[in-house]
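Student: Right, I'll just put the structure down here and ask away after.
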Amino acid sequence: RHGAVKNEDTFKTSPFHFDLWFYFTLQNWVLDFGRPIAMIILPLEWFPLNKPSAGDYFHMAYNVITPFLLLKLIERSPKTLPRSMVYVSIITFVMGASIHLVGDSVNHRLIFSGYQHHLSVRENPIIKNLKPETLIDSFELLYYYDEYLGHSMWYIPFFLILFIYFTGCFTPVAEESRMPAAALLLMGPSSLYYWYLVTEGQIFILYIFTFFAMMALVMHQQRKGLVLDSNGLFLFYSFIITLLLIALWVAWLWNDKILRKKYPGVIYIPEPWAFYTLHMNNLHAAKESL
């Protein structure tokens, strides 16, 4: 039965999946973090503004490769996991990532026209002077699909699948609760990517609830005499380091008045690309004027 836990699965152990975690880390850095960078640094004449950019092709590859890797990760779990929930999550993930592809493509191309990510849609100089004014509503709708609906349908299933996999990462064998050197090498790049994912995607609430659920599950399983295996430790420690990186990021930009205006409220976590368009673009412009 799908979703049922087999008795013989309970005490199986799983070696560290170096290949899968390495592929995850590599494609996350190249295809997700690298896509806006590729769009900016490659010559504009190669990818005209009315055509998909290099970053869009990166995003398309990400939308195909990531679901495949998630499915392979679930297949390697020593515990039988709820397949129906996994499949629905994968389908929703692909839908959300595809919605985000369209919205993000247009929003990033607007940078070449002077769009500033540290400002809201209506405050952007290139947007607020549009005529008729109903066009501004259309850009706000595009922003909604990109930053809210697309992110929700993309990241909620992503973290749900990671948590579902995490539930199967427990073993009664204490010797299995240690990470190999390969895991330690991957932990830094993996944690740094999750920092980017949480800050740029503005999904701190989703991330912190997932982390708290992991902590609660660890404490619950410890009462049963079960400990995390190497894969569970890798995922759990990566989330801990991510939280520390987010705290450092917020502390660094705590007194930035412009970003404070863009991100009001109790939870203040600026997006890296908003920081780039605000500070790094100005720095580049100052250098060019010298």
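Quick reminder: no glycine exception, Cβ is built from N, Cα and C everywhere.
Features from TrEMBL:
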TRANSMEM  20-42  transmembrane segment
TRANSMEM  57-74  transmembrane segment
TRANSMEM  86-103  transmembrane segment
TRANSMEM  154-174  transmembrane segment
TRANSMEM  203-220  transmembrane segment
TRANSMEM  232-254  transmembrane segment
Student: Near the transmembrane segment (203-220), which residues from the same chain, at least 6 beyond its ends, have a CB less than 8 A from one of its CBs?
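Tutor: The answer is 151, 155-156, 159, 162-163, 166-167, 194, 197, 228, 235-236, 239-240, 242-243, 246, 267, 269.
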Student: What residues in the same chain, six or more past the boundaries of the transmembrane segment (154-174), come closer than 8 Å to it by Cβ-Cβ distance?
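Tutor: Contacts with the transmembrane segment (154-174): 9, 11, 13-14, 66, 70, 73-74, 77-79, 81-82, 85-86, 88-90, 92-93, 96-97, 99-100, 197, 201, 203, 206-207, 210, 213-214, 217, 221, 225-229, 231-233, 235-236.
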